[in-house]
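Participant: Below are the structure tokens for one structure; questions will follow.
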Amino acid sequence: MKRVLSGMQSSGQLTIGNYIGALRNFVNLQHLHRCYFMVVDMHAITVPQDPAALKEQTESIASLYIAAGLDPNKASIFLQSHVPAHAELGWIMTTLTYMGELERMTQFKDKSAGKESVGAGLFTYPSLMAADILLYNADLIPVGDDQKQHLELTRDLANRFNNRFGEFFTMPEPYMPEIGARIMSLDDASKKMSKSSPNPGSYIAMLDEPAVIRKKLSRAVTDSGREVKYDPQNKPEVSNLISIYSHFANMSVAEIEAKYDGQGYGPFKKDLAEVVVAVLEPIQERYREIRKSGEIFDILKKGAAEASELANETLLEVKKRMGFVLPS
Ligand code: AQP
């Protein structure tokens, strides 16, 4: 049995990009491996967050994990800030990271572009992410394509530690969907769909009302042709919509192309909205029940206790190897 670790930042409402790229895989993996899934609230504060919104987003994402099918008896579900070992190993990993490595990170470049003042936490974020993974000596990391570069840095840091202080950390591997590892924005297929986008029309949130989903998809940008064909190079917008369709309807790209052959974009977009609504509506219903019951707080408490056990053990071993004087 492998160890699996992943998380989502509470920096907005989860989108169908987060669902396809990561959350769906969390749900599948919990049946096969020892899984740790957290809401990475400490990562969320690498960009300014309104306190009330941060609290709401964190509770909402944790509740969506359960509503989407994560089972607290199969996986440990917790908040990153409830396991202080993350911050502590995060600092240690920062000291092992080179400035040049962080400067090369494309997510930092994207998120800091055009901003006058950028927090140092946004720059050192990948070192904290490395700590998140290494604390659990995780083998498999279910993430979307945008996190691949951060995961490569985690592997470099694990290697660096092992070389300096003796073989200890496992080399984590990414676990990604074949199609849909990067779902693009509905208004601009050159940008990935992001929960923190200032334009809500660019994404479908998992909690969007069915009427909103229908409206957003009917307005999704397409090219001026009419052929429903998967061709990311020449038809990036339509290809993105086909990826979404494929995931939500469990149909192959070829089946979708054949179904809409000669019909133009209208019927395709209309049906796409219905397949997305059909999957999200029951999740939203369960979500409302979870929020009402308050059960999420007990789930997070149990998850944090389980995660802390392994995380504290790892941290102690790391400190011992590095020469820290351990408390007697
Ligand atoms: N558009 C996407 N397509 C496929 N997978 C995606 N993921 C994010 N966007 C897409 C995956 O979702 C997980 C959660 O990511 P995160 O919350 O740690 O931050 P992120 O990768 O930066 O995602 P967002 O939605 O774009 O958040 P913000 O806007 O706050 O930066 C990851 O596994 C990610 O790969």
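Yeah, the Cβs are placed from backbone N, Cα and C, and that goes for glycine too.
Relevant sequence annotations retrieved from TrEMBL are reproduced here:
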- Gln9, Ser10, Ser11, Gly17, Asn18, Gly144, Asp145, Asp146, Ile183, Lys192, Met193, Ser194, Lys195, Ser196: ATP binding site (BINDING)
- 10-18: motif ''HIGH' region' (MOTIF)
- Asp132: L-tryptophan binding site (BINDING)
- 192-196: motif ''KMSKS' region' (MOTIF)
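Any idea what these are sitting next to in the structure?
Facilitator: Secondary structure from DSSP puts Asn18 (ATP binding site) in a helix. Non-local neighbourhood of Asn18 (ATP binding site): Met8, Gly144, Lys195, Met206, each in the same chain, at least six residues away, with C-beta under 8 Å from its C-beta.
With a threshold of 8 Å between CB atoms, the same-chain residues lying at least 6 positions outside the motif ''HIGH' region' (10-18) that come near it are 39-41, 43-44, 47, 49, 54, 57-58, 60-61, 64, 144, 182-183, 192-197, 203-207, 244, 248, 276, 280.
Around the Cβ of Asp132 (L-tryptophan binding site), the same chain contributes Leu5, Gly7, Met38, Val40, Gln80, His86, Gly90, each under 8 angstroms and 6 or more positions distant in sequence. Taken residue by residue with DSSP, Asp132 (L-tryptophan binding site) is part of a helix.
Model confidence over the motif ''KMSKS' region' (192-196) stands at 93, taken as the mean pLDDT rounded to a whole number.
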Participant: Looking at ATP and its recorded binding residues Gln9, Ser10, Ser11, Gly17, Asn18, Gly144, Asp145, Asp146, Ile183, Lys192, Met193, Ser194, Lys195, Ser196, figure out the farthest C-alpha pair and report it in angstrom, whole number.
Facilitator: 19
Participant: Using DSSP and three states only, what is Asp145 (ATP binding site)?
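Facilitator: Its secondary structure by DSSP: helix.
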Participant: Fewest other C-beta atoms within 10 angstroms of its own C-beta: which of the binding-site residues Gln9, Ser11 fits that?
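Facilitator: Result for the binding-site residues Gln9, Ser11: minimum number of other Cβ atoms within 10 Å at Ser11.
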Participant: For Met193 (ATP binding site), which residues of its chain lie six or more apart in sequence with Cβ-Cβ distance below 8 Å?
Facilitator: Thr15, Ile16, Gly17, Ile183, Met184, Ser185, Leu186, Ser202, Tyr203, Ile204
